[in-house]
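Database features (TrEMBL):
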DISULFID  122-128  disulfide bond
DISULFID  501-504  disulfide bond
DOMAIN    463-585  domain 'Thioredoxin'
SIGNAL    1-20  signal peptide
TRANSMEM  173-206  transmembrane segment
TRANSMEM  218-241  transmembrane segment
TRANSMEM  253-276  transmembrane segment
TRANSMEM  297-326  transmembrane segment
TRANSMEM  332-353  transmembrane segment
TRANSMEM  374-391  transmembrane segment
TRANSMEM  397-418  transmembrane segment
TRANSMEM  430-449  transmembrane segment
């Protein structure tokens, strides 16, 4: 009898132990905040121990400091593992252990402060926990070398950092924000992403001839600029909420080709070929509407809207800062207003060009026809520039060959000058000869296998260039990127690139090819994410780092990004080298 009772009690005990082992842990036991220590001046490391069968969400970490005089920077969280969560879908999470670096700035004389954290996670059993508040005291006096001294420890001053833009939007007055972004726009108007708009609007105004008044020229140009500005601001606000720029999705062969055909149609009107049948009835109507004597303001506004989305898709620091502000705060009014002001700044030089294009026109006659043909060639060049990301380099070179040599022949570059030739005849013949030589160089580049239309004869020294060029290893997915970040013993530079990004090309041609930059890059693992195709993997790579498009350069050490060094947009060698030196410093 006693043996039966003992067996029953033993069975009950085993079942209770099994039940108890399946019971979820308390949140504090599952996610234990371990060590919190200052690892270098102005940088604290917080480490969590995560129980087996449990995970923390990467996106659910929050930090605060007490007292408020201690200021925290953006926490640097490492890459996590992707997890199919029943509540949130595919998310990044941490298992076993995670270390987070939090920059801070404390007033001189501070002996200690309190780091307050909130984390949130789940168990594989299916139990999810509410946000778990935790805190730890950060001691500064224990290690004098680690005490940050205000005035001595200045954060690295990155000229293209989006943090300045964020501070301006958060703290600046409305008029300061709008005027600053208007100024940013004026500066951006002289970049390769905006300059192609100049021949578009000037060509349209010139095609109206002397019949258009100054007021009419201003109205037409203003319609173009407002169409561009409204679209730019609306697309920016949408990107801030969605994390994806519409213009990025439009960078494909069909869209670029269609828009290029519109410019071809406009150029044909410059050459007087309206009687020819254009490829598309829609393109024909748009071209005629935009260029007829009483041109449609609506057509110009549509052209401006399309230009904003297709001609200038690159991401600059002010745009990235505004998009980040919209995403973080949800304040679409201020963020969208800032983008609208920036777009107006980008369009200000276009207004000047549009109005003065009419003033600079010669009197009616042969000169007028020559000017119209000149702008027709510029529009053809714009069309070629638009499709260059989606056609092979040899086709680009042949296109530039034709655009240089054919006008040169019409400028009598191959004809003998008459004995009584005047100064202007000699001048234009000289210009024609230069164009002829440039076109010949382009043709030689196409036949010789050149890879850069701006350096068509570079193939002649191809061996030397290839040996000295920095090599970037391509990463196509987040899995590949995380593996390379984890396995690299050197600092990592990650470059976000696309074939259709003008600033990316400029960075590649002017900065990465610089001798001093190459020497500074020798101590880095160089990775490149090519997001030209705008695939799902490309979108995931951009989303991981809160980017809406290229160009963007990120720096990592031990798998953690140093966000203060992040570069958005083009940066010349003299600004880029100090960033590299700072990123390489131990």
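Heads up, the Cβ atoms here are built off N, Cα and C, so glycines get one too.
A map of TrEMBL features onto the structure.
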| residue | record | Cβ neighbours (10 Å) |
| --- | --- | --- |
| 122 | disulfide bond | 23 |
| 128 | disulfide bond | 15 |
| 501 | disulfide bond | 27 |
| 504 | disulfide bond | 26 |
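Reduced to three states, the DSSP call for residue 501 (disulfide bond) is coil. Taking CA atoms as the reference points, residue 122 (disulfide bond) and residue 501 (disulfide bond) are 41 Å apart. Per-residue confidence over the domain 'Thioredoxin' (463-585) averages 85 (mean pLDDT, predicted model). For the pair residue 504 (disulfide bond) and residue 128 (disulfide bond), the C-alpha distance works out to 43 angstrom. If you measure from the Cα atom of residue 128 (disulfide bond) to that of residue 501 (disulfide bond), you get 43 Å.
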